[in-house]
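Colleague: First the structure, then my questions, so here it is.
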Amino acid sequence: MGRLSLFASLALSLLLAVGSAEAQLRVGFYSKSCPHAESIITEEIDRAIRVAPSIGGPLLRLFFHDCFVRGCDASLLLNATSSSNPTEKDAPPNQFLRGFALIDRIKARLERACPSTVSCADILALIARDVVHADQGPFWQVPTGRRDGFVSIASEATQLLPAFSANISTLKSQFNDVGLSAKDLVLLSGGHTIGNAHCFTFTTRLYNFSGRGDNSDTDPSLERNYLAKLRAKCAQDGSDALKLVEMDPGSFTTFDNSYFKLVAKRRGLFQSDAALLDDADTRSHVIHLAESDNSVFFKEFAGAMVNMGNIAVLTGSQGEIRKNCARVN
Ligand SMILES: *[C@@H]1O[C@H](CO)[C@@H](O)[C@H](O)[C@H]1NC(C)=O
Ligand SMILES: *[C@@H]1O[C@H](CO)[C@@H](O)[C@H](O)[C@H]1NC(C)=O
Ligand SMILES: *[C@@H]1O[C@H](CO)[C@@H](O)[C@H](O)[C@H]1NC(C)=O
């Protein structure tokens, strides 16, 4: 063996050692143990989105909401076993999540195909990939091998999930706490390119931004024409609190970089979207994505999703493979 190849193999083994210390996930984890796992999930998601295109946003959200609390361990999916111990699902920020019945259906099908093999945490990771390009085939490979956790606590979700009203310093520190960068924050906010939001999540910006509540008490960071449109949709008296508004008007079912174009023009829907312009790093990344074509966003988004999917994962003999995603075995 020549010097060069010796060096190369040393470098390779170092690389592998670093990789496995971070997370023992790998692409194709189920290729032998459950060869059809990924295609079963893709098929179910394609069908669900054909029937109800608006389910895409909520399904993508499930993975974010799981990973930010105790890592990507499907703690989000556990039902409470008593009313005195509410789980993440019961927490206010998770109150409007949807898709749990679909997950139960997918899990039941996977259990029939390969019992006790595919984790609920990996189901969430694969779904998040599949909703993004449901009709054009998968556009990134998802490292798998996560295992499911045993614990789910409502108050942790309330505390740790980034709020739609959060400012940039809170957002950056919440992302930093789970090992994600300011760039990941910008890219993952791009998930707002699909889906709807309830009026109550942003009406403060329209009518009562500083707490005076008079007619001029609007968020100065919100572009005026967009503000007027939002006011026409969401009444001040709260009667529209649960009305749904497109987060990315005109392309709310299309995964594209239009979100960044809107945010750059001060047409982000949430305070947490507008906040991305309040920091030099995040602002320059928003502008970069707004001015690049979609392929740049797709590639970088895929990287950020893989980063998020590594948060505090359970692997090897940690955790378990739940038989039913809503309860521990
Ligand atoms: C951001 O929000 C947090 C929590 O609400 C608050 O403590 C902090 O002062 C805010 N920071 C800025 C710069 O406004
Ligand atoms: C505006 O917000 C303040 C607190 O932030 C609240 O006390 C007040 O009731 C609100 N006013 C209206 C008209 O909603
Ligand atoms: C979990 O709760 C949902 C409703 O909240 C219910 O439909 C489902 O059957 C429950 N699953 C288990 C395993 O208890």
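The backbone N, Cα and C atoms fix where each Cβ goes, glycine too.
Bear in mind that the values here come from a model prediction, so they are computed numbers and not experimental data.
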Colleague: In TrEMBL, CYS72 sits in a disulfide bond; tell me which of CYS34, CYS67 is on the other end.
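Modeller: Here TrEMBL pairs CYS72 with CYS67 via a disulfide bond.
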Colleague: So, in TrEMBL, which cysteine from CYS120, CYS199, CYS234 is disulfide-paired with CYS325?
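Modeller: As annotated by TrEMBL, the paired cysteine is CYS120.
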Colleague: About how far apart, in whole Å, are the alpha carbons (Cα) of CYS34 (disulfide bond) and HIS65 (active site, proton acceptor)?
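Modeller: That comes out at 26 Å between the alpha carbons.
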Colleague: Distance check, please: Cα of HIS65 (active site, proton acceptor) against Cα of THR193 (Ca(2+) 2 binding site), rounded to an integer number of angstrom.
Modeller: 17
Colleague: Round to a whole number and give the Cα-to-Cα distance in Å for the pair CYS114 (disulfide bond) and CYS120 (disulfide bond).
Modeller: 13
